[in-house]
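Reviewing the structure listed below.
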Amino acid sequence: MGKVVSPNLSKVESDSISRHRRGQSPTTDHRHKSISSITPSDPLTVTLPADEFTLQRHLGLPSGVCLIIGVIIGAGIFISPKQVLANTGSVGLCLTVWAVSGVIALLGALCYADIGTVIPRNGAEVAYLKEGIGSVHPLAGDISAYLYNWANTFILKPASVSILTITFAEYFLLGIMGSKACGPPKELIIITAIFIILILVNINSLSVSAANRLNIIFVVCKVLTVMTVIIVGFIRLGQGKTEHLENAFEGTTTKLSGIALAFYNGLFAYDGWNSLNSVTEELKNPKRNLWLSIVLALPTLTILYVFTNISYFTVLSKHELLVSDAVALSWGDVVLKSGARALVILISISALGSANGTLFAASRNCMVGAQYGYLPEVFACIQSKRLTPLPSIALQGFIAIIFCFVYDIEALIDFFSFAAWIFYGLTFFATLCCKSTKKNVERVLSAPVPLIVFMIIVSIYLVIAPVIADPQYGYLYAAALILSGLIFYYPFVYLKMDFKIITSNDSVHRHGQSVIIENRRASTKFNNQPELLTAESPKDEVVLKRRLGLFSGVCIVIGTIIGSGIFISPKSILEETKSVGLCLIIWTICGLISILGALCYAEIGAVIPRNGAEVAYLKEGIGSVHERTGDILAYLFIWTSTLITIPSTIAVISLTFSRYFLSGVMGDCEPSKELVTLFAIFTILMLININAISVSAANRLNIIFVICKVLTIMTVIIVGLVRIGQGHTLNLKHSFDGTTTKPFGVALAFYKGLFAYGGWNNLNSVTEELKNPKRNLWLSVVLGLPSVIVLYVLTNISYFTVMNKVELLSSDAVAVTWAQVALGPVVRALPILISISALGSASAILFGGARCCMVGAQYGYLPELFACVQSQRLTPLPGVVLLVGFLAIAYSIPSDLYALIDFFSFSVWIFYGLTFVTTLCCKFTKKDVQRMINVPIPLVIVIILISIYLIIVPVISYPSVGFLIAALVILFGLVFYYPFVYRKIELQLMKKTSSSCQVFFKLQRGQINIE
């Protein structure tokens, strides 16, 4: 749950601020009752801490210095040099502008430090305008503060985050791809930028300390990167490389407008000098650390920036710098040569750190604006457990994502600078007002009045001069967007009109609970329904809830199966069968084998209705015949599945998603191996995040993926049927010509085909979360698998209406080759749809794999930590994040898909066969248990024999080190079985780690949920 946050102020300051917490100016008595005036009988107080919720003072002097440096050193020093030089015309004036911009930033920051100690609030400008100008004229202060909050929330900060993340994406992808001729396309840059924004939103929502530590790490990387550039520059100066610095003022512009635009771009590189004021309430001893952080950080940055530009000019001439699309990269190509790619990646990390700091500060501005009544009250809330302004962080991230689609960085810089300096100037004016109206307030640092007047004049110049010299629609749009805020000011701020959809208790209860943020005014409803609180935060056992119905079960079956296999395996199956006819037969038989196997699993799943599938079946099924044998086999399965099969499958599918997606986005450019691997890792991290947050979210996402999968497959099939109707059947004639006679080749073909059907058993892994599992388990199989068989066979037929055997075997991406002929100009759309199909399969496997890991820990085969679920979200967080997810990332690094498929198939069919033996055992040891479906014993024996065939024949036919490694890894688990499972020896380090993780992630041991 969340709670409206109280400003973190001292007793002396609290009285002067209390009216602002209510969103009231002294003259607006008509506004609604204060949040803080809610009586102590507020019903939620029984479930929340007695003290007010405030942002904690986590940030000391080093953190303050790092925040300023972290926000400032970002994209500007790598983007702006080109624009500054273009507007100044000479090297000398360019360096002068960089130095003067640093001085202006320092002077502006000192003025902010002055007013920041007088009005020690988070939110910086919004508080200073409200209380500074408001101390002279309350309504003027209220309107100017509102307009700043409007512009800052919807323009300034999101645009800045967008610029920085786009810069990160551009440099990072360029460093990974390492090719100027085939650089990252615009679409890929935007997608990467959006993904990074989502990661930053996640981190900042999780923990203030985590965001602060991450910022410190980024600062270290930034300083090392800049120092590398500077040191190399000094070395080149010592070598006499000064020709580009001679006659430094030659060609200097005489246009004041050009100089103004140069300052625009230079000051953008210093933007963030005011960022520390946005977190004043989280700064320890702000009256000392605020101004001291500024004095330590900004002069250092000015020196670093000037020296960095000098280093650029030791390598690049004016012309070379002006024609460069990436200044730092052009510099690195000359100086570092093969090491240039590493520099580019470091530069991208620098921009990423700045984006993190900007988002950190922006969310506080947004929150303070809501406390003053300028935004809906939900944005004044913080997450009650983690004490982070979650709604504000999410809002800023969402708007930044929208700005990513603008993409034009230079236009965004002009747009940002124009709007920002309007409010910087107003804030300097507020500082001047406070010199008279708050002259009795103690100031540690007092900026002289002439200095404040000078900064006001500088602000006016930077706003007016570019508009007069070079009128652009961008300035008009900025002004119009700022003034458009007045449309909403009168009804929603001045008159305090409320939308029912925002203020209704029902709405807040319904939506607030899902994100663990709630409006305090909703508390009355909770007080009248205490059972809701009990359901949300159970005090007794913590269990995984039964949220999955029949439709969800069918979607899990289809969603897991239709993934990468149908787009990878056709080539490898044809290689082994040598003919079209046998290839299609293999696809059909593989489907029938999968149905038979799934029905056996459905039978034993009804007898042993546990999550985890094989681990529970081996433990309790074979264990019902011989307890120790069942225990060892179940342990070896959990050892193998958590270390090999599940993570490797997720890795294979994620790599396929990455390859197809990048092929669709990049068009004619082939994505590099490094980029494919990196994108696969990003994908796995995203899936970890979704599955860790919410079971319902993961389930809904799976349903969306299934719809995309079926539509994609149906597109391929329909086009194939149309082509057959047009007479394109040449490749289907004489379909058995060249058929292989090698049984071992047929066995390997079955391997590839059954991999494409992999996931037929995935629903058994979530039996405890399935409604009415005795009915829905087998019914989901009966509805899902036959549909997949029909789709798969028709898809392969469609492939052969376009490609003959030779063309299909020579294709690296079967579906893309098909689309190039069949779809023509829309070919790029199909690989993206195929990639989404693979992504859905990976999500479903991760969903089931985490449950398997959890059940293994409940049986004592893994550390107890993995038997826990997150107590609020009821997700098996340790299994999702700490084991399955990170191992999948490790498997993604060697991107040989076919080797991974062989490795997976060999080890997994060992345990499929053992599970079928378990089904046979339970026919006798648990014959009295009611079964909704009863597979005949002969069919069970048939599937056991098939399993043995699929294990032995490929090993005899094609001995491979991969098979040996798989066998050794499986048997190696016995080394740990005796001490840690049989003897139950516990390592103190593991116990301490487990306890720490349980406290930090709020974990509780999950209980068994069997109907």
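The backbone N, Cα and C atoms fix where each Cβ goes, glycine too.
A TrEMBL annotation is a machine prediction, not a hand-curated record.
Quantities reported herein were computed from a predicted structural model and do not represent experimental measurements.
Pulled from TrEMBL:
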- 1-40: region 'Disordered' (REGION)
- 59-79: transmembrane segment (TRANSMEM)
- 91-115: transmembrane segment (TRANSMEM)
- 188-208: transmembrane segment (TRANSMEM)
- 415-433: transmembrane segment (TRANSMEM)
- 548-567: transmembrane segment (TRANSMEM)
- 579-602: transmembrane segment (TRANSMEM)
- 632-655: transmembrane segment (TRANSMEM)
- 701-724: transmembrane segment (TRANSMEM)
- 744-763: transmembrane segment (TRANSMEM)
- 775-794: transmembrane segment (TRANSMEM)
- 832-853: transmembrane segment (TRANSMEM)
- 874-893: transmembrane segment (TRANSMEM)
Could you pull out which residues elsewhere in the chain have a CB under 8 Å from any CB of the transmembrane segment (775-794), counting only those six or more residues past its ends? 548-550, 553-554, 556-558, 561-562, 566, 584, 587-588, 591-592, 594-595, 598-599, 601-603, 605-606, 710, 713-714, 717, 720-721, 756-757, 760, 763-764, 767, 932-933
Below 8 angstroms Cβ to Cβ, which residues of this chain, lying six or more residues outside the transmembrane segment (744-763), approach it? 553, 556-557, 560-561, 563, 565-566, 568-569, 572-573, 576-578, 582-583, 586-587, 589-591, 593-595, 597-598, 601, 613-614, 649, 770, 777, 780-781, 785, 788, 792, 841, 844-845, 848, 901-902, 904-905, 908-909, 912, 949-950, 953-954, 956-958
Range from 59-79, 548-567, 579-602 with most C-beta pairs under 8 A to the transmembrane segment (632-655): 548-567
Sequence-remote contacts (6 or more beyond its ends) of the transmembrane segment (59-79), Cβ cut-off under 8 Å? 163-164, 167-168, 171, 212, 215-216, 218-219, 222-223, 226, 265, 268-273, 275-276, 279, 282-284, 288-290, 292-294, 296-298, 300-301, 304-305, 308, 326-328, 347, 350-351, 353-358, 360-361, 409, 413
